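Worksheet: the structure to be examined is printed underneath.
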């Protein structure tokens, strides 16, 4: 019983860590000041943003560290790297010290690496303590990483709303403080205990409650995250946000009262555990066993003949058969070398030979990565449109909608029993708002268009970031997800460099030299017009790649769903 309570305290600690370590999302709030103090060009400023993203290239080092050191030491190593990386930048931007550009670049790289180490710690905690509901735990905790910018904006307004340099100091100190707060539950991790027969269902209900609290957090931060009516009210609002983060601590009490919940709630509101998880490891093993026992689709039978004769064809089976009967030249091209089943492990050489992987890579590269680069340039975009005073509001807007997008990435798991749709199809749907937003921004320079575009891009990129781990696991194997997903996200630093460099060149081509520091400043819609057009065209390519990926993987998802339904009927 006590172990069950402690694992929920660990989940809350993981939420705290994620909520305060998405420090790369507030780069836009102080980037203009950093550019001015260093006297650098827009291209050089872009390189500093790229440096933070380059930390993902070295993210594998955190996994290596966990092989030799306990988890808490890796957590504090991450906090120390962030403290040094952001702390030195704060000293530079406040003119306490002066450093050459290359050292500031290395500080940005160190700060970006700390974020990867924090993420690794959180992933390990979720997987260790929630093996049966790992996808729900990961989706929930990763979602809170998207609200960091809004939380830091509230803290900034509560302390000193006239000094944007304060963001860097908060980025250095708060993750370190949160690491100390999370230390006690992490050190008291419970031993892994087998769940009772109804344990997965009960835990799923707990996750439902946590997601409701998460939505309340997101709505609260969206409504009040950028309010600047006064220091006193800002402090009250910041206190309210901290209270909402503390509320999940009531979950241990709910665990102790589980008998009451089972008697009063589950009798009228039943939640099946399998309905919440799209691809569980055990389900994948059953699915792979079923597929490998069949030589072809003609001999593909889910149950014995007597059971099949008494069972109506499901909508999934019907669409599966229709696909077989409607072949064309285009469909033959789509079927060439496509995945036969979900969950098949892909070592590195096989992964790189898969057309599906490169379609997935392009979709991510031309979708979620563009959203991240947009957030890095948000400060200069607002400044060029004469909306510098709205920068913190825009950052909060992006952060909040990124949070909602991450929460929505769990939608396929929750509605699976009512409406089944391949997760790669959801990826294509999620990419569409980015395309709409970029062309909207290119067509209008008004504040309302800027706000709408920022919200759409945040929603889209948040969904993609959170759903990517599950998609990688489903398409290329759950046991290889650590390596394969790190290969996938190499597109982030590449995209950050390429897209940011493109934006910087367009920006500087329409800019004038600043009067004091010599740094270039651009004003007007022309500063980013071509950038939005180019990014929009690239997002169309990403959208097209995601659609082709969906068409190529739909058969594997349908077959998996058939196996899941058949196995549930067989063992029910």
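Just so you know, glycine gets a Cβ as well, placed from its N, Cα and C.
Keep in mind it's a predicted model, so treat the numbers as computed, not measured.
The signal peptide annotation in TrEMBL covers 1-25.
Here TrEMBL flags 7-252 as domain 'Nodulin-like'.
Among the features that TrEMBL reports, transmembrane segment is placed at 74-93 (among others).
Residues 10-11, 13-14, 17-18, 21-24, 38, 40, 44, 47-49, 51-56, 58-59, 61-63, 65-66, 71, 74-75, 77-82, 84-86, 88-89, 92, 138, 141-142, 145, 171, 175, 186, 189 of the same chain lie 6+ residues outside the transmembrane segment (99-125) yet bring a C-beta within less than 8 angstroms of a C-beta in it. The feature transmembrane segment is assigned by TrEMBL to 99-125 (among others).
Annotation source TrEMBL lists transmembrane segment at 137-159 (among others).
What TrEMBL lists as transmembrane segment is 165-184 (among others).
Taken from TrEMBL, the feature transmembrane segment applies to 205-224 (among others).
Residues or ranges marked as transmembrane segment by TrEMBL: 236-257 (among others).
Look at TrEMBL and you will find 344-557 tagged as domain 'NFD4 C-terminal'.
Residues annotated as transmembrane segment in TrEMBL: 357-375 (among others).
Proximity of distant same-chain residues to the transmembrane segment (427-449), defined by a Cβ-Cβ separation under 8 Å and at least 6 residues beyond the stretch ends, is recorded for 363, 367, 370-371, 385, 387, 390, 405, 409, 456-457, 459-461, 463-464, 467, 471, 525, 528-529, 532-533, 535-536, 539-540, 542-543, 546-547, 549-550. If you look up TrEMBL, you'll see 427-449 (among others) marked as transmembrane segment.
Annotated transmembrane segment per TrEMBL: 455-476 (among others), in sequence order.
Through the fold, the transmembrane segment (488-507) approaches residues 41-43, 45-47, 49-50, 53-54, 56-57, 59, 357, 360-361, 364-365, 369-370, 372-373, 376-377, 380, 384, 468, 472, 520, 522, 527-531, 534-535, 538 of its own chain, all at least 6 residues removed from its boundaries and within a Cβ separation under 8 Å. The transmembrane segment annotation in TrEMBL covers 488-507 (among others).
Positions annotated as transmembrane segment by TrEMBL: 527-551 (among others). For the transmembrane segment (527-551), the residues of the chain that approach it from at least six positions outside its boundaries are 334, 356, 359-360, 362-367, 370, 374, 377, 380-381, 384, 422, 424-425, 427-428, 431-432, 434-435, 438-439, 441-442, 499, 502-503, 506-507, 510-511, judged by C-beta separation under 8 angstroms.
Non-local neighbours of the transmembrane segment (137-159) in the same chain are 11, 14-15, 18-23, 25-26, 29, 119, 122-123, 126-127, 129-130, 166-167, 170-171, 174, 207, 210-211, 214, 217-218, 221-222, 224-228, 231, 234-235, 237-238, 241, 392, 395-396, 398-400, 402-403, 405-407, 409-410, 413, 458, 462, 465-466, 469-470; each lies 6+ residues outside the stretch with a CB under 8 Å from one of its CB atoms. Below 8 angstroms of C-beta separation, residues 17, 21, 23, 30, 33-34, 37-38, 62, 65-66, 99, 103-104, 107-115, 117-118, 120-121, 165, 168-169, 171-173, 175-176, 179, 182-183, 186 of the same chain, each at least six residues beyond the ends of the transmembrane segment (74-93), sit close to that stretch.
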